[in-house]
Amino acid sequence: MVQLVGSLRKELADSLSTCKVLVVGAGGIGCELLKNLVLTGFKNIEVIDLDTIDVSNLNRQFLFQKKHVGKSKAQVCKYQGISLSPDYNVEFFRNFMLVMNALDNRAARNHVNRMCLAADIPLIESGTAGYLGQVTVIKKGMTECYECQPKPTQKTFPGCTIRNTPSEPIHCIFVPANLNILAPYTVKYTAARATASEKDGDIKRVSTKEWARSTGYDPVKLFNKLFKDDIMYLLTMDKLWKKRKAPLPLDWQQLENSAYPQEESVGSGLKDQQVLGVWALCQLFQHSVETLRSQLQEKGEGAELVWDKDDPPAMDFVTAAANLRMHIFSMNMKSPFDVKSMAGNIIPAIATTNAVIAGLIVLEGLKILSGELESCRTIFLNKCPNLRKKLLVPCVLDPPSVNCYVCASKPEVTVKLNVHKTMVLSLQDRILKERFGMVAPDVQIEDGKGTILISSEEGETETNNSKFLADFGIRNGSRLQVDDFLQDYTLLVNVLHTEELERDVEFEVVGEAPDKAPPPQTNQEDVNSITNGNKDSAQPSTSSKGQQEINVFLSSSHGAANFVWSCLFVKYTEQECIVSCQHFNRV
């Protein structure tokens, strides 16, 4: 007869008090998960989270209280009986029987995935997005790893579209939130034209940031420049408006004298969910600029303000500027809540969804600790019941991809690039670190000499950074042996030289097409689709069995919105501002 301790077999219950488990992430899912583990009987739990506690966390991350705001999440968890360690190398991961992810960004997931593969430790991956959720199990040699299937690249918008001809609210979130023009772009302003040299016909070009500073950040002058003068300049470009509705400039004085002050907000419910009227937005714009100006002055000469989605003046500024531009281009305006969701790169978090997913993580963990790994499943939480009236849909785990450049027996990739234009620093930062998720890569050229191209040892190969790959004899067909000792990861990179890359494209990974999803299936039970019908929601990737999986392993709270007001207060490089045009950090 099976002896039970609570709802668990005695053998399993006893093992929970001795087995060591690691939780990575102490946010929405992580807090629920830590609570579940303690209640289930786990006695030896450690947690990693490098984030600090924010006010916006308190409504769903119940382990934290108002007094904890600004403190380390991991430290607060520690004081509640959960340990933490300062060293997270492969040896550290080998101390655990099981690792559970509760992360919110792709880079961290990639890293933990590789650490668990190197340590040969089972990993439970999870994520949520609104009402949707997903849990899956990763075990070296048995299942797909997190990186077996290519993830869709981040969506970008052409600069000319978001500056001149926005057609969607998201186009307006970035630029008007930036006060219309990204920092590096110069602005043809009427006042500048007046001082231009008549001798050679030059037009004096002044960045928006410099001009704004020269006005003392006067909100009315800023308003008329951005929403009147700049729009009138756009109207002079007749060809832009032959097939689309022309924008309508706004004038502060006219709005102030019109009936706008009597208008009311649209919508019901909480204040943040109401859409403000035009004049209310004008006043919000004025007040936010004045507040931000004061904050900047308090910081002293040469200081910069940092974007924070939870800073009310910053969000007011973004809400007002973005909505005014939406109005100018005849789009439906958005509530402050909607704007924050887009500008803050926020995937809506629902506490009950996090709780359901956390419960599923523990159930899968119990299977693993019982030695029943073959019974583990990928489980999808849908917003609506499927044809069998189920919200939770389990699917058999897929085997490893033979082409995976992470968990294959001999990981290998082919990268198409121009060896005469690609610098060693770009290879290190853009390709190896950013694209392939490495932390400390060492690169050796297979040239018969064992030439070291990149070393993770500080200062050893820094003189190579500004040289081109061709300078080291790298050509079409060259092979680079890459090792990342921190991840215990080795990758063979085949170089495919080409001079036919598209403009502004530095390199391509041959054989990958992450943006090409399969045609939609009609049988929902077979497809296990979990989309919520919103085109701006998380987009599906595809498993090897053709199952559409929601990309819920996301919801990073950092990203494009870091740049939304760079033209006035925050300094960024041109490349950074181009990156700021990227849409949500979709996985």
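Glycine is no exception: its Cβ is also placed from the backbone N, Cα and C atoms.
Features of the protein shown, as given by TrEMBL:
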| type | residues | note |
| --- | --- | --- |
| DOMAIN | 8-375 | domain 'THIF-type NAD/FAD binding fold' |
| BINDING | 25-30, Asp49, 57-60, Lys73, 104-109 | ATP binding site |
| BINDING | Cys145, Cys148, Cys404, Cys407 | Zn(2+) binding site |
| ACT_SITE | Cys160 | active site, glycyl thioester intermediate |
| DOMAIN | 415-502 | domain 'Ubiquitin/SUMO-activating enzyme ubiquitin-like' |
| DOMAIN | 512-552 | domain 'SUMO-activating enzyme subunit 2 C-terminal' |
| COMPBIAS | 522-546 | compositional bias 'Polar residues' |
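For Gly28 (ATP binding site), the same-chain residues that are 6 or more apart in sequence and have a Cβ closer than 8 Å to its Cβ are Arg60, Gln61, Ala102, Thr128, Ala349, Ala351, Asn354. Listed in sequence order, the residues of the same chain lying 6 or more apart from Ala107 (ATP binding site) and placing their CB within less than 8 Å of its CB are Gly437. Closest to Cys404 (Zn(2+) binding site) in space, going by CA atoms and restricting to the binding-site residues Gly25, Asp49, Asn59, Asp104, is Asp104.
The average pLDDT for the domain 'Ubiquitin/SUMO-activating enzyme ubiquitin-like' (415-502) in the predicted structure is 94.
Taking the mean position of the Cβ atoms of Cys145, Cys148, Cys404, Cys407 as the Zn(2+) site, the remaining same-chain residues with a Cβ inside 8 Å of that point are Leu117, Glu144, Tyr146, Glu147, Pro400, Ser401, Val406, Ala408. Each residue contributes its Cα atom, and for Cys407 (Zn(2+) binding site) and Asp104 (ATP binding site) those atoms are 22 Å apart.
Between the alpha carbons (Cα) of Cys148 (Zn(2+) binding site) and Gly25 (ATP binding site) lies a span of roughly 22 Å.
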